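What TrEMBL annotates here:
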ACT_SITE  His228  active site, proton acceptor
BINDING   Tyr27, Tyr132, Arg167, His228, Arg231  glyoxylate binding site
BINDING   Pro80, Thr81, Gly82, Ser109, Gln130, Thr158, Ser226, Asp259, Gly260, Gly261, Ile262, Arg263, Gly282, Arg283  FMN binding site
DOMAIN    1-333  domain 'FMN hydroxy acid dehydrogenase'
Amino acid sequence: MENNLPVNVREYQELAKKALPKMAYDYINGGAEDEHTLRENIAAYGRIILRPRVLVDVSKIDMSTTLLGYNMPSPIIVAPTGGHKLAHPEGEKATARAAASCNAIMVLSSGSSYKIEDVASSCNAIRFYQLYVYKWREVSERLVRRAESCGFKALVLTVDTPMLGRREADIRNKMVFPPSANLEELKKINVDTTGGSQLEGFARATLDPSLSWKAVEAGVAGVIVSNHGARQLDYAPATIAALEEVVKAVAGAVPVLVDGGIRRGTDVFKALALGARAVMVGRPVFFGLAARGEAGARHVIEMLNGELEVAMALCGCRSVGEITRSHVMTEGDRIRSLL
Ligand SMILES: Cc1cc2nc3c(=O)[nH]c(=O)nc-3n(C[C@H](O)[C@H](O)[C@H](O)COP(=O)(O)O)c2cc1C
Ligand SMILES: CCCCCCC(=O)C(=O)O
């Protein structure tokens, strides 16, 4: 295998499927209910066409950008995904090392299999911490304090999960989530598993469904256009289809990021052209981790970076700042051009 490495994310997905027990693969790959949004997250990228420019000197391509004052060699961030031990015994420690070796920011999930402290000490890197708000605010507060003292630089507040979406594969498989090392104090919570998925029962017992817009009063330094990888509300729009509207509404006040369905460097390019400052990728890194551990997760990030570089060169863009709205044609553009 090592002589014959996958050449794209889809091939990593196939390897991950072979490597993992069905329950783990279904959990990682699955979406909510009919998985309409899951398919759309990817398909909507396929409906956006690139408009290349030629005869531009692209002998130097600079993919670097900044976010919240941090320099990034490329606009690709590792999205928060829980339970990396499902994919590999080294779990988030391996993912963190992979991200660090690419100088990519990793957002550590509240549902990580390894403790915040273990991930922090596994390697040096800029990292953000993803926070769920629990019914007991002091539980969330303690997580924030721990992340802060471990040097995490920003909080990514997940607000789309007042309860877990219906992931039918998990219900069928009676999904058991690896105990989150960070939530020891919630271990004694009574979890009703009659619904099938233990994770769903845990989320229902612990997440605060009363979270409201008042949370915004604290201020935000960025917005992420996300549908949780299509795992929450099925028939919610594909994120790339919603991006431009959000970018317009935010009007430059804070950077806008997007995740969901990014499987190619061309997808990253399209997201940037439609106004995203950076993108986050979830499943691709998880698939890499499942297939080849740290090396696989790193290779996925490297491949996406490599694909983005080629896309930029072939579109005549020497820096991310040169990627503009005029480099893409959306379905809306095509319809408007016919009117
Ligand atoms: C297996 C899995 C676990 C996830 N766990 C979390 C989580 O713990 N916290 C969170 O905010 N989002 C979580 N997400 C959502 C991701 O942060 C991200 O929105 C999504 O993976 C992006 O879509 P993609 O997988 O198509 O790249 C998870 C997604 C997946 C696929
Ligand atoms: C307390 C709930 C942790 C859930 C973490 C996983 C998650 O968000 C997912 O989409 O799955």
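Including glycine, each Cβ sits where the backbone N, Cα and C put it.
TrEMBL feature annotations superimposed on the structure.
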| residue | record | contacts (Cβ under 8 Å, 6+ apart) |
| --- | --- | --- |
| Tyr27 | glyoxylate binding site | Gly83, Leu86, Arg167, Ala169, Asp170, Asn173, Met175, Phe177, Leu199 |
| Pro80 | FMN binding site | Val107, Leu108, Ser109, Ser110, Gln130, Val156, Thr158, Gly282 |
| Gly82 | FMN binding site | Ser109, Ser110, Gly111, Ser112, Ser113, Phe177, Ser180 |
| Tyr132 | glyoxylate binding site | Ser110, Gly111, Ser140, Thr158, Thr161, Leu207 |
| Ser226 | FMN binding site | Asp160, Thr239, Val258, Asp259, Gly260, Met280 |
| Arg231 | glyoxylate binding site | Gly30, Gly31, Ala32, Leu38, Leu164, Gly165, Arg167 |
Distance filter, Cβ under 6 Å of ligand 2; input binding-site residues Gly82, Ser226, Ile262; output Gly82
Around the Cβ of His228 (active site, proton acceptor), the count of other Cβ atoms that are within 10 Å: 23
My understanding is the cutoff is Cβ-Cβ under 8 Å with a sequence separation of 6 or more in the same chain; which residues meet that for Ile262 (FMN binding site)? Tyr45, Val268, Ala271, Val279, Met280, Val281, Pro284, Leu304
Expected list for ligand 1 (Cβ under 6 angstroms, recorded positions Gly82, Tyr132, Arg167, Ser226, His228) reads Gly82, Ser226, His228
In this predicted model, what is the average pLDDT of the domain 'FMN hydroxy acid dehydrogenase' (1-333)? 96
With the FMN site defined by the record as Pro80, Thr81, Gly82, Ser109, Gln130, Thr158, Ser226, Asp259, Gly260, Gly261, Ile262, Arg263, Gly282, Arg283, how many Å span the farthest pair of C-alpha atoms? 22
Measuring Cα to Cα across Tyr27, Tyr132, Arg167, His228, Arg231, which the record gives as the glyoxylate binders, how far apart are the two most distant ones in Å? 19
For Gly282 (FMN binding site), the number of other Cβ atoms found within 10 Å of its own Cβ: 22
